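Participant: Below, the features straight out of Swiss-Prot:
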- G14, P15, T16, A17, V18, G19, K20, T21: ATP binding site (BINDING)
- T16, A17, V18, G19, K20, T21: substrate binding site (BINDING)
- 39-42: region 'Interaction with substrate tRNA' (REGION)
- T105: site 'Interaction with substrate tRNA' (SITE)
- R128: site 'Interaction with substrate tRNA' (SITE)
Amino acid sequence: MEEKQREKVVVIIGPTAVGKTKLSIELAKALNGEIVSGDSMQIYRTMDIGTAKVTADEMEGIPHYMIDIKDPEDSFSVAEFQELVRGHIREITKRGKLPIIVGGTGLYIQSVLYDYQFTDEAGDTAYRERMEKLAEEQGVEFVHKKLEEVDPESAKRIHANNVRRVIRALEIFQTTGKKMSEQLEKQKNELLYDVVLIGLTMDRTMLYDRINLRVDLMMEQGLEQEVKRLYQNGVRDCQSIQAIGYKELYRYFAGATSLEEAISQLKTNSRRYAKRQLTWFRNKMDVAWFDVTDGEKTAEILRYIEGKLQLKSNNN
């Protein structure tokens, strides 16, 4: 029997502020592509400035998916992300287009490309309800500490406010005796798609300068007002507000810090996150890195993708 041809996928990764959005639009135009956001925070409506969401003008008519699909109060799991993005890959491919995933959330992107299993076969409704009650009565930190005791790796990865996922990890351990973190690590080395992983990097000093500048620009664009609306609307203890740009300003609105200190912390956290992103991708995935310190490398990257996926661009 002839082996089913794997779907072609391009993935663009790299730290925040390195230029992924601009490159993705150029590649989509050249390769007849459509774009899927791989950022776990761009899914939230009304959280536009702080998540550096692509604007309608920037899209240049290229369809984008996985943006504005949840309210800030909603939780969102890696398993949901995996299912939705794989669906978009199928649909985009069926239309004869090339799926281009753009983003910086490493685990989420990895869960799509590799054979990560998030099965629902392990379930214990009574236990789940008991944990939900405990979270209500004793607080989310109490339940999170229980997870720390049995699966410290998952506890590190899952924020206490993401109660549903904390309880899911506890439930998996309760019913199977296996840690969720171990199950996530068990993946096939083989990619599910015919994929090209493009990574953008640049001189660290220049990158950090760009990140600082981006934060200043976000403040000019109204980030303070965007976060204030969420705060005044009573959005609390949610997964969404753990995003960089939101948690720092929440502390300001709660009276725990000055605006100046909050902005400084936001810059620091953004730089640290960029460093973690680079480290994660270098350690976990087979990425073709392109240094854009001296300017964009669109033509070079395009040639590389054409060669790897045996595609012809509209630029030829």
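From the backbone N, Cα and C atoms, a Cβ is placed for every residue, glycine too.
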Participant: Determine, for the substrate site, the additional residues of the same chain whose CB lies within 8 Å of the mean position of the CB atoms of T16, A17, V18, G19, K20, T21; present them in sequence order.
Facilitator: G14, P15, K22, A52, L200
Participant: What Cα-Cα separation, expressed in whole Å, is found between V18 (ATP binding site) and R128 (site 'Interaction with substrate tRNA')?
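Facilitator: The separation of the Cα atoms works out to 42 Å.
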Participant: In the region 'Interaction with substrate tRNA' (39-42), how many residues does DSSP call helix, how many strand, and how many coil?
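Facilitator: The region 'Interaction with substrate tRNA' (39-42) comes out at 0 helix, 0 strand, 4 coil.
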Participant: May I ask for the distance between G14 (ATP binding site) and T105 (site 'Interaction with substrate tRNA'), taken between their Cα atoms and rounded to an integer number of Å?
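Facilitator: Pair distance, Cα basis, whole Å: 9 Å.
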Participant: Check the binding-site residues A17, V18 for other C-beta atoms within 10 angstroms of each C-beta and report the one with the most.
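Facilitator: Highest number of other Cβ atoms within 10 Å: V18.
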Participant: So among T16, A17, G19, K20, T21, all listed as binding-site residues, which is physically nearest to T105 (site 'Interaction with substrate tRNA')? Use the C-alpha atoms.
Facilitator: T16
Participant: Mean pLDDT for the region 'Interaction with substrate tRNA' (39-42), as a whole number?
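Facilitator: Mean pLDDT, the region 'Interaction with substrate tRNA' (39-42): 93.
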Participant: Could you measure between R128 (site 'Interaction with substrate tRNA') and T16 (ATP binding site) for me? Cα positions, answer in whole angstrom.
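Facilitator: Each residue's Cα considered, R128 (site 'Interaction with substrate tRNA') and T16 (ATP binding site) end up 37 Å apart.
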Participant: What is the Cβ neighbour count of G19 (ATP binding site) at a 10 Å cut-off, with all protein chains included?
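Facilitator: For G19 (ATP binding site), the 10 Å Cβ neighbour count is 17.
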Participant: Please list, in sequence order, every residue of the chain apart from G14, P15, T16, A17, V18, G19, K20, T21 whose Cβ lies within 8 Å of the Cβ centroid of the ATP site.
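Facilitator: Along the chain, the qualifying residues are G104, L200.
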Participant: Just how many other Cβ atoms lie inside 10 Å of the Cβ on R128 (site 'Interaction with substrate tRNA')?
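Facilitator: Excluding its own Cβ, the number within 10 Å is 17.
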Participant: Suppose we draw a 10 Å sphere around the Cβ of G14 (ATP binding site). How many other Cβ atoms does it contain, all chains included?
Facilitator: 26
